[in-house]
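As written in TrEMBL, here are the features:
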| type | residues | note |
| --- | --- | --- |
| TRANSMEM | 24-48 | transmembrane segment |
| DOMAIN | 28-236 | domain 'Cytochrome b561' |
| TRANSMEM | 68-89 | transmembrane segment |
| TRANSMEM | 101-119 | transmembrane segment |
| TRANSMEM | 139-158 | transmembrane segment |
| TRANSMEM | 170-194 | transmembrane segment |
| TRANSMEM | 214-236 | transmembrane segment |
Amino acid sequence: MDMDMSKQQQQQEAGASNNSKQRAVAAAAHVLAVAAVVLVVVWCVHFRGGVVLRSVQNKQLIFNLHPVLMVLGPIVLGGEAILSYRSLLLVPRAARKKAHMALHAAGLAAGVLGVYAVFKFHVESGIPNLYSLHSWVGIAAITLYAAQWAAGFLAFFFPGASPPARRRALLPWHAVAGVLVFALAVATAQLGFLEKLTFLQGPPLRLPKYGAEAMLVNFTALVVLLLGVAVVLATLNGSSYSAIV
């Protein structure tokens, strides 16, 4: 009996230690999320001249809205939505569920507006759409994000949508799919930073390869990547998602 109690105590201590580490990683993810937004705004406002949805003379300002919204939406707000079940432990279950859905809805809305902005920029600048790997992966990511949100809403939030047994069966798939879509959004951002920086370093701008703007873009991409890693690590065991059901 003493051995059994000792094993249980060790398991409890290990679980507490694991939870503590995951909370620390989640806290790091929050810091990285703020840093990612600040860096991409500094890049697009300070170095690229600002962000607008309509511009007659400088169409590049329309494009600048795209990286800001894509980082803020599917990555930062999407990441915060994923972390909400670990970060809001003192909040009632129903409120956490609402926060999760609302953050994802805001992230999806920002992402859709970001996609609209880049299509608008291309059309008004006479640039073809959907010719790059970044654009292909990006369309897949935002489409899957929308599908994941709709599926989660219908399965876990819509009144009387699913019986408890079905929700419990769907929960692991929903959690894994959410993390995979988030990872795809982060990968899309990496492709986007690389593509844009390659354009800026070519003619006619010929941005210096070791200049301040180039370093800022690379550092922003690195912060976004670390944010993605932190969010995934903070949700590895999936135990915090039990509150969805």
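Yeah, the Cβs are placed from backbone N, Cα and C, and that goes for glycine too.
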Inquiry  = I need to check the long-range neighbours of the transmembrane segment (24-48): which residues 6 or more away from its ends have a CB within less than 8 Å of a CB in the stretch?
reply    = 60-61, 64-65, 67-68, 71-72, 75-76, 79-80, 83, 86-87, 212-213, 216-217, 219-220, 223-224, 226-227, 230-231, 233-234
Query = the transmembrane segment (68-89): which same-chain residues, six or more beyond its ends, come within Cβ distance under 8 Å?
reply = 22-23, 26, 29-30, 33, 36-37, 40-41, 44, 51, 95-96, 99-101, 103-104, 106-111, 113-115, 117, 138, 141-142, 145, 178-179, 181-182, 185-186, 188-189, 192, 224, 227-228, 231, 234-235, 240-241, 243-244
Query = So what's near the transmembrane segment (139-158) in sequence-distant terms, Cβ-Cβ under 8 Å and 6+ beyond its ends?
reply = 74, 78, 97, 101, 104-105, 107-108, 111-112, 115, 130, 166-167, 170, 174, 177-178, 181, 184-185, 187-188, 244-245
Request  = Averaged across the domain 'Cytochrome b561' (28-236), what pLDDT does the model get? Just tell me the whole number, please.
outcome  = 94
